[in-house]
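Enquirer: Right, I'll just put the structure down here and ask away after.
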Amino acid sequence: MAFLILVTLALASAHYSGEHFEGEKVFRVNVEDENHINLLHTLASTTQIDFWKPDSVTQIKPHSTADFRVKAEDILTVEDFLKQNELHYEVLINNLRLVLEGQFGRQVPATGHSYEKYNRWETIEAWTQQVTSENPDLISRRSIGTTFEGRTIYLLKVGKAGQNKPAIFMDCGFHAREWISPAFWQWFVREXIRTYGQEIHMTELLDKLDFYVLPVGNIDGYVYTWTKNRMWRKTRSTQVGTNCVGTDPTRNFDAGWCKIGASRNPCDETYCGPAAESEKETKALANFIRSNLSSIKAYLTIHSYSQMMLYPYSYDYKLTENNAELNALAKATVKELATLHGTKYTYGPGATTIYPAAGGSDDWAYDQGIKYSFTFELRDKGRYGFALPESQISPTCEETLLAIKHLARYVLQHLY
């Protein structure tokens, strides 16, 4: 038994060490003009770089910053290039391995589900069954499809049983490495269960609304971040003619598909796929929403990082018909979020606020007629990026819950 425990601990320690990222750094470069953008294009064409923000070198804009991860063997080359071309930069993360190890509160993550820890998919899957069986009056679970690798895509419905209730659809985990996203929706479900019948606002919301919650949108990719590559972003689909794996699910919806801010190269992180809704994961979500359009009044998709609340459009610079309303609602929502911990969010249309990107689920949902459609980019602003430590799960989820409740109350008061 002692030997088994030691082996288990050793395996866990090896997995969570982030050893593949030893010596890797994350840089932030100040981008002032088109010349700086061209220089970063040159750098990206000669060196393997993982862009964190924006998603791709093609989305860098003047008067902004670019965050990217560099492998240990390329660091000297990159630093020399930045210095020689007088590009001002800072190192956000000096050794990614250490930051990844530091994500966890202790060396070996807790067994079983925890709302204040990052959970493996197998744990989340079991949790969905448990919360459903323990709270049948508030929660039900259904399958809406399977992933490329054959995993069941579960959807939770949270709300007091009732006929013809309006609904809000909420998803997370479409980008596999954004672990704080699935952590939030688990927190949301917990708070709904815990405070129903005790806290007036949550009780009213669950009495009058249904919340469709997709715990992890990109399950295959999420599993891969736990078993092979913590920084994986895309799905895990394969196709004929390339050895490169995966499609960016947030470039795969039929909303200006592959028109701007997306790539047709299967090896790129923003690959839009061979066709709109080519991915089983995006198709499952789209089919469910299409089948329930009459009841779904808002669509929310949760990502990280950069502390932003975005609304359509991202595939075009045009404004929505209800832009003024969406802007006012976003302003009020991020103000509510900031009341707890003082966390500041930027808000606005996706294309102008962050960068243009076609094929996003929020734009697609809006074009389906869901006029309250938003993307949340949770903490932080780059100190940890995708490696947000578990110590920040609670404050992140607490403040985001305030925002979601505020937005949901508005939707309830403005049904259409």
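Using N, Cα and C of the backbone, Cβ positions are placed for all residues, glycine too.
I grabbed these lines from Swiss-Prot:
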ACT_SITE  Glu377  active site, proton donor/acceptor
BINDING   His175, Ala176, Arg177, Glu178, Arg233, Thr250, Arg251, Ser304, Tyr305, Tyr355  substrate binding site
BINDING   His175, Glu178, His303  Zn(2+) binding site
DISULFID  Cys244-Cys267  disulfide bond
DISULFID  Cys258-Cys272  disulfide bond
DOMAIN    117-411  domain 'Peptidase M14'
SIGNAL    1-15  signal peptide
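Situate these features within the shown structure.
Expert: Using a 10 Å Cβ-Cβ cutoff, Glu377 (active site, proton donor/acceptor) registers 22 neighbours.
Mapped onto three states, the DSSP output places Tyr305 (substrate binding site) in coil.
Following the DSSP three-state reduction, the secondary structure of Cys267 (disulfide bond) is coil. Here the Cβ of Cys267 (disulfide bond) has 11 other Cβ atoms within 10 Å, regardless of which shown protein chain they belong to.
Counting only residues at least six positions away in the same chain, the Cβ atoms of Thr247, Asp248, Arg251, Asn252, Trp257, Cys258, Ala262, Ser263, Arg264, Ala358, Gly359 sit under 8 Å from the Cβ of Cys272 (disulfide bond). Under DSSP, Cys272 (disulfide bond) is assigned to coil, being neither helix nor strand in the three-state scheme.
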Enquirer: Compute the C-alpha separation of Arg233 (substrate binding site) from Glu178 (Zn(2+) binding site), stating it in Å without decimals.
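Expert: Taking the Cα atoms only, Arg233 (substrate binding site) lies 8 Å from Glu178 (Zn(2+) binding site).
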Enquirer: With the cut-off set at 10 Å between Cβ atoms, which of these binding-site residues ends up with the most neighbours? Options: Arg177, His303.
Expert: Arg177
Enquirer: Should Arg233 (substrate binding site) be counted as helix, strand, or coil on the basis of DSSP?
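Expert: Once the DSSP labels are grouped into three classes, Arg233 (substrate binding site) ends up as coil.
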Enquirer: Over the span of the domain 'Peptidase M14' (117-411), how high is the average pLDDT in this prediction?
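Expert: Here the mean pLDDT over the domain 'Peptidase M14' (117-411) amounts to 98.
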Enquirer: Could you measure between His303 (Zn(2+) binding site) and Cys244 (disulfide bond) for me? Cα positions, answer in whole angstrom.
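Expert: Each residue's Cα considered, His303 (Zn(2+) binding site) and Cys244 (disulfide bond) end up 24 Å apart.
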